[in-house]
Each structure stands twice: as C-alpha cells, then as structure tokens.
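Worksheet: the structure to be examined is printed underneath.
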Amino acid sequence: YEFICHLIPPPPPPQDWNRTWHVGNPDLTQCFQNTVLVWVPCLYLWVCAPIYFLYLKSHDRGYICMTHLNRAKTAVGFLLWIVCWADVFYSFWERSQHDSGASSSSTQAPVYLVSPTMLGITMLLATLLTQYERLKGVQSSGVMLNFWLVAVLCATVTFRSKIIQAINEPWTVCVFRYTTFYIYYTLLLISLLLAALSDQPPLFSEASKDANPCPEIGASFLSRISFWWITGPEEKTLYSPKKAPRGERKEGVPVEESEILIMKTPRRRENLSVLGPLSHLRPYFLISSLYKIIQDILMFVGPNILRIISPLLSTSMFLNMYRDVQINLNLNLKVLKLYAWELAFKDKVSAIRESELRVLKKAAYLGAISTFTWVCAPFLVALSTFTVYVMIDERNVLDAQKAFVSLALFNILSMVQVGVLIRSGQQINRSNQSICKFNQINGSLVAVVGHVGSGKSSLLSALLGEMEKLEGSVSVKGSVAYVPQQAWIQNATLKDNIVFGQERKESWYHRVVEACALLPDLEILPAGDGTEIGEKGVNLSGGQKQRVSLARAVYCDCAVYLLDDPLSAVDAHVGKHIFEKVVGPQGVLKDRTRVLVTHGLSFLPQADLILVMVEGEITERGSYLELMARDGAFAEFLRTYANKEQEDDESGDICYLHHHHQQLASYISTLYQNHTSTSAVRTEGEVLGKKAKNAEVGRITEADKANTGRVKLSVFWEYMKAIGVVLSCVSIFLFFSHHFASLFSNYWLSLWTDDPVVNGTQPSREMRLGVYGALGASQGIAVFCYSISVSIGGILASRYLHQSMLYNVLRSPMSFFERTPSGNLVNRFSKETDTIDSIIPSIIKMFMGSMFNVVGSCVVILIATPLVAIIIPPLGILYFFVQRFYVASSRQLKRLESVSRSPVYTHFNETLLGASVIRAFGEQERFIRESDGRVDHNQKAYYPSIVANRWLAVRLEFVGNCIVMFAALFAVMARESLSPGIMGLSISYALQLTASLTWLVRMSSDLETNIVAVERVKEYEDTEKEADWRHDQSSLPPGWPTAGNIDIRGFGLRYREDQELAVRNITVAIHGGEKVGIVGRTGAGKSSLTLGLFRIIEACEGEIHIDGVNIATLGLHELRSRITIIPQDPVLFSGSLRMNLDPFDGYSDEEVWRALELSHLKSFVSGLPDKLNHECSEGGENLSLGQRQLVCLARALLRKTKILVLDEATAAVDLETDNLIQSTIRTQFDDCTVLTIAHRLNTIMDYTRVLVLDKGEMAEFDSPSTLITKRGIFYKMAKDSGLV
C-alpha cells in the first residue's frame, strides 16, 4: 500500500499492525480502512455484474412498472453517487489549495482520489443494475442484497473507527469527510433495508394471474433464505402450483390480445429425455454442494478458533435408515364375504406381513450394530489417541486444550450419515399365442364366435396392440373405441363416465343415452346422470355397468368399434334394443366398423362377416348364409343350440330367426317409442337435470378427512401400549444409562486434565485411562441395547396396529367399501404402516437422545457457570414458542399431505385397471395430466412441510448460537475461579446444547407429526362393523341346512339410510330341492335379494328363515359358509389355482380334480405346466372371463351346500358351455335348492318356479308354464327371447 497510502498523515509504519492484534481495544489501520474496506464491495459487484447481466438477459420474466420502492432505490443510489463524487471534488479542492499555497497541510495521499472515484462509479453501476433488474422482472435480488450487506459491514468497521478517533484524537478530524461518511453510511443502511424488500410482480407473469399463488414466488431474497415467507398471512387454501395454459387465465377467461403480443412464446422442446429434469435441477445441486463444502470446512475451523479460549466441541450422531416396503393386496371384499373367506385371507396377509417384519427385525439388528459402531467410533479413536499419547512418553501431559480440541475433531466423525436405498424390480411379460388371418374390413359388422378360451378376447387385444405380435401384421385405420368384456367404470359421475373427457354435445349425448337403454336407469338413480358411480361401478348392476361402458364408446364417435360381448350382461329385450339401436345395420354405428364378440345366436344373421375361432385360430369365416350353406361345424352347432332356444318350435332355420327379429324389433320399437314419447320432456327436464337438485344425494364416496388440532394423548398411549409398558420403561432406563455414562466420562476427562503435573508427568494416568475406557465401553453396551429395544418395540407396535387395522377393515360392512376409495385403504396399509414400521422408532431414539443430552448439558453448564441460569429460561421460553408454532403447522401439513395422498393411489389403481381401455381411446395424456394434478395437489402440503422444517432450523440455530455465545462469555468472565477442565467442559456442553436443543425441538415436532400415522390407522376402530362372524354358543343343528327350505316374510332392504327401499314386501316360500329362477329388468332388485340372503346388506324389514332358523340370529360365517353363490362377476385372487378353489385346504386333490372335471376345466388345467399350482395373476387376468366363471362353478361344486345361488353365472360363456353348466347343476345339485338370476330365460324354463321382480317388488311367482299362460311380465320377456 505504500504507493497509495504513504502520504496519509501520519505515515503508517509496519508496527502499526500492533494496534490491531496486540491491544485491549483493537482497530484497523487507516490505510486498510481506506483501501481494502472500500475496494472489497466494489470488487464484488464488478466481478458479479457481467455474469449477472448475462443471466438477466437470458431470464426475462417481464417488466415491473416503476413503483415507490424502485424510485426510492434509484434516488438513494444517485445520492450515494453524489456523496462519493463530493469526496472526489473535495480532494481536488484540497490539492488545488495545496498547490496555490493556501493550505499549510501536507499533500493528500492518492487513496483519497482513487477510493471515492471507484466507489462512486460502483454506486452508479449499482443504480443502473437496479433499473435493469426492474426491466427484467426481478422482484428481489440476492446479488444486490449481498452487495449492500458487504458494503454496510465494511463501512461499519470504519464507522466505529471514526467515532473512536473523534473521541481520542479530535484534532485529526476532517469535518467535511466525516460528514459525507456519516451521510454515506446512513444511505447504505437505507439501501440495505430497501434491498431486503420485494417489488410487485412483473406484468403478465403467471403469479399475477394465479388467484392463490405460492407466497415464495413474490418473497424477497432475505425472506427466502430465512424462510420467513411461510409465516406470512394465512390462507384458507394452499397455493396452487399448477400453471395456467397459455392464452387462458385460471378462471378460463382468454388473455388480452396485448398480453399475448407482449409475452414471448415459450420454446417447445421436442426431444425429451431423462436428463431433462436433471438439467433443471443442476444449478440447485451445484449450489447445495458448495454450501455443503463450506459447512464441512467450518466444522474444522470451529475447533481451531475455539482452541484460543480452550474449547470443547462434542456433537452427536444420528443414524437414519429408511426402508420402504409396501403391500398392495387388492381384494374384492364382496367375494370374500360371500364365501366367508375373510379369515383365510387375513391369514394370508398376516403371513406376508410376518415375512416383512422378519426383514424389519434383521434391519433392526443391523441398525443397532451400525448405531453402536458410529456412536463408539469417535470414542474409540479418542481413547486410542489418548492412550498412545500418554503412554509413549511419560512427559506427555494431557491438558484441557489438547484433550477437548482433539475430542472436537474426533467427534466430526459422528456427523457421518449413512443412507441405504435398495430397490428391486421385476417385470413379467405374458403373451397368448394365436393365429388369426382375415382380410380388410371397413364399415362392416363382424361377429366373432367361439367356445370359452378360444381366443376371442385375445383377438381384440391383438387389434388394440395389447398382445405380443409374433408374426404377421395388424393395421387399424382411424380412431378406436373399445368395450371390454368386464366393464371398466371410473369413480366419477355417470355423465363423466359416458363423456370420458370429450366435448359435451347435448343432442348427441341424449341420443346415445337413449340408444344404450339408459333412460330408465337415470330415473332410478338419485341424481340422474349426476349420480356418482363408485369404484368399479359398485352401485351399478352388471347390466348397467356394461351399458355405461357401451355408451362411453358410442359417445366418442370413433371409426372402429371393438365390442367384447357387451350384450351378455343385459336382459334379452334390452340386448335386442341395444343391437337394434346401436350395433345393428340400423343403429347409430351403422357406418362404422364393428367387431362384435358375442354368444347370442339371434344377432348373427345381421352380421356382414362371421369369424369362428377354435383354440386361437379362425377356422371358418363368411356371412351367415355362407356358413349355413357350407353345413360345417358352425351350421351344426347353430342348429343344435338354436333348437334349444326355440324348444318346442319345430322350425329352427334362418326364417325362424328373421321372423323373431322382426317381431322383436317391432315390440322394442313400440316399447321405447312409448317410453320416449311419454317422458321426453321429463327426461331432459328432470332425469338429466337431477344433478343440480340432488348433487349431494348422488354422492357415495367419502373423501379422506384430516383431523385438526393437537394429537390426543390417547394416541401416544395407544402406541405405548402396543409397544408394551415394560419394554418402554426398559428402553428409557437404557437411554438414561447411556447418557449418564457419557456425561460422567466427559467429567472424568475434565478431572484428568486438571490433575497436577509432578516432575513433568501426571502420576495417575493409568487409572484415569482405565476408568475412561470402562465408561466408554458401558456407553457402547447401552447404545446397542437401547437401539435393539426401541426397534423391537417399534416392530411389536407395528404388528399389533397392522393386525388390528386389518381385522377392523375385514369386519366392516360392504357399505364401508362402497363409500371408501381404495386409495384410502392402500394409503394406510402402505405409507402409514411404513411410517409406523421405520420412521417413528428412529424418531423416538433421536428424541430420547436429544432430551437426555439437553438435560445433561443444562446441568453441567449451570454447575460450571451459574450465571447462565439468567439466559437459559428466556431462551427456553423462546424455544418453546418456536416449537409450538412449528408443530401446529407441521402437524396439520402432515395430515393434509397424508389425506391428499389417497386420491393419488385411487387414481393410479383405477388407471391400471382400465389401462387397455385408456390406451384404446388414446386418452393416455389426459390420465397422465390427471395423475400429475393429483401429485401436484399432494405436493402442496409436502413442499411447505419441508420449508417449515428449514424455517425451524434457521431460528433454532440462531437461538442456539446465542447460548454458545453467552456460555463462552460467562466462562471467560469467571476464568479466574474456574479450572481449565471445568471451563472446557462447560463450553463443550454449551456447543452440544445447540445441536441437542435443535434436535429436541425438531424430533418432538416430528414425533407429533408422524404419530398422525397411528391416529389414522386407529380411525378404522370407530367405523361401523358387521355382525359377529360366529357366536360362542351356536344353536345350529349339525349339518344345517338339511332340507334347504327358504321362507321369506315381508322382506325389505335398502343400501343406505337416506335411500328408498331397493327391495320391499317380498313374501316367498321355497321348498327344499326346488329350482327357482329370479328374473326382472335390470335394477329390479334381483341381486339385492341375494345380498339380503347372505346378509351382505341387513334387512330393514321382514325376516328370512332357512330350515326354520331365522338367519338374523346367526353369525355371518355360520350362515355364509353353509350356502353357496356363483357371483355375477367372477373374481380370482393372485395366488395358485388351488388356493382360489380351496383357501382353507379343506379338500383333497382328488376332490378338487373332480370339481374341475364337473365344471369342464379338467382338460384345461391338466394342460397347464403347474396344473393346480398354476399361478393366477391379480384378478385372474391370465384366464378368460368364461374360464373364471367356470372356476367359480368349481368352488360351488366343492362346497356342495344345500342352497345354491347363481347370480347371472353363465352370462359370459357360450351357449355350449352354458348348456354343460346347466346340466352339471341339474345333476350335481339335484337335491339342492337352486336360486338362479338369469338373463337367458331358456336356462330356467324347466325350473320349478320363477320369481318375477319389478321395481323391487314381487310381481309374479309361479311355474314357467303358468306364468306364460297368464300373459304377464314373464310372458313378454319370454316372447322377447323367442321362447313363445
């Protein structure tokens, strides 16, 4: 500095640095103040300015109109520039005065010209950058805030020095420069304050259009780094991170033309890759890495700085292992309840759970070993180092400085965190091989027929691209609509299921609803087409689901329609209507290409092309007349089963079918014309308009609800009871033992360092070293034991809570599952259970460790420096309020995050089930957007919880550092009365107290936040439950029911309390061995009656007696295990085929094979590689629908009870298989009471009696012949089916 500073009076000799380092009141030299302290902020801004300019140029966010804040920044910047130039001009004036001889003072040093000039130019640059930031839409600048902060810090040193100089050396004061400097310092403070504020959002920014933007977007830089923005005004709803589409506001209002012209069109990236998201995150990773490096360096700097005042630094290590195991067993609870299989599947889930808990237990042992290793590592290193140091030379004295600074460095090892993430994936591809050849079809109706398992559905899957193509080619031109054999229904309103994301066209919508025979159903539904449909269509009958699925396809108005037997689940007359109005030559799809898989023979004459499939190959093709003329296998099959349908009618040729088609068309046309004409106005005005009036009535599902307020103490007590009170007390004792040994070992070390030195050595070093080692060993043992005890206790609690939740869920009635989305259950059985498994035990360990650390630290500090007692209470109160504020926010955010996670699971599960339909309609992007939207909604609560955690850390670290400062200050003040060892111990624990208090507040908050998982798991204890499965004292006679008599007396039931009776006033007496058919239009109450028989829905009125026993007095398993049902929807579970037939292993293999033979599955199962051990995929997707139905028949044959219920059990099979099933039922259940719900009336024409239901009431009940003679409802249905 000689060239610039040598003329500054007085000349600064080198020894002037002594005034900085070797005086009681240190100060910096004048040369240093006028050069380094002035140049540092200037250098910072000039280095950053070019980079910052390029950054702003490439990141244009719009511009900000001139505001009062910006005007103030500009004005203050120009004032600073003027003040700096005033100093420059003053220096020139002084030089001119000196040159003219008017002044007797010595020539001023060059620094008085160079520094103000540089500072003035820098202030002008800062003012210009502020304006450029405004033009580029920067609301708050971190670069400028740091500049003003550095400038203020440097000026503060000079400010202090000038005050000291003015007091001690008043004759050296230059009034003008002092005045300008104080003005300069004041303006710097104002600039710093203004830089800490945030400007308004730029014009046309996304934030200005969002009605509820994230507060972080408009927060200042200072607010962001301190996370102060999260404590701003509370909003009723969380911010929305979703961006509005370009050209449209959030409210859907088009953007002004001027805005579109001014806004730059964002560039669209065509090629996306996995590296795309990483490229966006790269700056954040780099910045985080930089801060982490700085933190690691400061970890070593701290002990060396504190070495000057004999410090100690001891920190604690927390090992955090995270493991994520999910069990997603998608059970159809209705089927389990019908078969009374809840206990069998409870045992299966429990077995899977036990295998998971065994893994958790191994992880607990490994975690305990790991915790032991990482806790003991610093101590073992310290022990070995001290041992070598004192034993290698007896003149080596272990004093406080060496001991505690070494410990501080060794304990840095304890900050290592180990994270293990193990992920495994498995992919299984399955393909069914089939050989299919047919020429181009365009605008034709193609019928595909064949036996069960012949490959009809596989053919459609191949056309959709869902199968693996081995050879040949498939070309589908135009848009495709697909109707699967098992209807896929979304959890949405009926209208949304039909419209399926398309534009709403009212006239076309009404036409589709009428054509698909949905108008009568809309009258029944409580809110018309605004009625919410539950998951998988739980509140619709099989026929209604299939017609909604068909309406969805028709509404989309595509070029190609792939229809996988959509008419099998509907009544005969409804099927004829749909074929006439939709699929047939005169239907709304007459000009479209239609590929129809069907088992209905009456539809075949109107097909343009018929494909006959056998074992995956097309064996015959041609029109109906061509195939009949060939007189091949198809013609023989048709004659046989057409005659079966016609029964006594002698003519079975094509003329017969055409005749009945004409009759049926006339009848259906008349029927629906009358219905439409009488209710056209009512349909549009009332049926479709019910949504507005009865929107709430139409809702069935209940969204997951979040509790509010503090977690009840009863939740903590429940968790403690689940662990075990004895084990909890043992764990607390082990925690105490570990921390007592740790505290005493450090106290012992302080005593060792205070030992007197005799002849250059410490005489009792061996004894000190031995006790120190023993205390360390006891710490390690206690650490290992408490880690094991807490982990095992967590596993015990997790097992109990999971078993309790599983039992409560299985005991819930079907109404619970209808209104509870599957995502709620998956959430609790996966994420919440994982929290109880892994997170809560680790939090408890860290909470207990932090609590004992805090107590021990406070005791040591208070004993060593009692004056700290003045500071600890107010700081403790401040800690308490910070914690309360944080916990209240974090706890509720955790609840919201957990609640908003359930819809993500629900939508994902629903999407997987309907993947083939979604792909067929080309709606992948819409469902991906919907999934992203639900994930974004979940992140609204998750992201603020992370920010709240950082908010807590900033404030706790600040207050904790205050404790360190006061502890060190009081220790220095009392240094005359304290030994070096005790003083070092006190400061060491003060440093440890910062981390411990921080962890205590955070862990207590995390404990209350995560204990919410226990709260949510325990919620299912309070839900309604079914009746007892079994009674302790059963009064049932052995072998009940023995005769199979069913007496229904005034029976009625409803699905919900706020709905009308679905079945009412049913009085029927059915004798043992009778075969009774139950028929009626879709929604007439047929399935509801069977649900009442199995007590899936409890009766509201009346009684049902079986063999004289009122079923309402029985346990549910006592009832359901003694009667058998073949349900409408054949459901298989993931597992072996044998498990699906006999989950309790109650039958021998011979009996199982006999049941398969009678159900016509023996040849199929025998051909499988694993035979009975063949693994069924989830839902039985690797079997055809007909084969699944036959598996359900085999279940019934195994149980062979006196009462059998068939709920449209043969709807999905071909006529030949249907005939075989009916013959099997007639022979094997000849002495049993059989109740059959049928759409194919020919299957019940030989039954003893037929029960006809209409609108939930009994309309007719007599033998088929008598009912036909009466020419009532049954006669009309039989006539529609061509049976009379």
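Heads up, the Cβ atoms here are built off N, Cα and C, so glycines get one too.
Keep in mind that this is a model prediction, so the values were computed, not measured.
Looking at 113-130, 329-346, 545-562, the range tied to transmembrane segment in TrEMBL is 113-130. For the transmembrane segment (75-93), the residues of the chain that approach it from at least six positions outside its boundaries are 108, 112-113, 116-117, 119-120, 123-124, 126-127, 130, 176-177, 180, 183-184, 187-188, 190-191, 194, judged by C-beta separation under 8 angstroms.
The transmembrane segment (363-392) is not in contact with the transmembrane segment (854-882), judged by fewer than 3 CB-CB distances under 8 Å for residue pairs 6 or more apart in sequence. Only residues 6 or more beyond the boundaries of the transmembrane segment (181-198), in the same chain, are considered here, and those with a CB under 8 A from a CB of the stretch are 69, 72-73, 76-77, 79-80, 83-84, 139-141, 144-145, 148-149, 151-152, 155-156, 158-159, 162, 218-223. Across the domain 'ABC transporter' (416-640), the model assigns an average pLDDT of 78.
Taking residue pairs at least 6 apart in sequence, the transmembrane segment (769-797) and the transmembrane segment (854-882) share fewer than three C-beta contacts under 8 angstroms. If you look at the transmembrane segment (952-974), the same-chain residues 6 or more away from its ends with a CB under 8 A from one of its CBs are 226-227, 306, 309, 311, 861, 864-865, 867-868, 871-872, 875, 878-879, 882-883, 886, 983, 986-987, 990-991, 993-995, 997-998, 1001-1002, 1005. In this chain, the transmembrane segment (722-749) lies out of contact with the transmembrane segment (36-55); the count of Cβ pairs under 8 Å, excluding pairs fewer than 6 apart in sequence, is fewer than 3. With Cβ pairs under 8 Å as the measure, the transmembrane segment (769-797) is packed most heavily against 722-749, out of 113-130, 142-161, 722-749.
The stretches the transmembrane segment (142-161) and the transmembrane segment (113-130) meet in space: the count of Cβ pairs below 8 angstroms, excluding pairs fewer than 6 apart in sequence, reaches at least three. Nonlocal intrachain contacts for the transmembrane segment (722-749), taken as residues 6+ away from its ends with a CB within less than 8 angstroms of a stretch CB, comprise 314, 379, 403-404, 407, 768, 771-772, 775-776, 778-779, 782-783, 785-786, 789-790, 792-794, 796-797, 800-801, 848-849, 852-853, 856, 859-860, 981, 985, 988-989.
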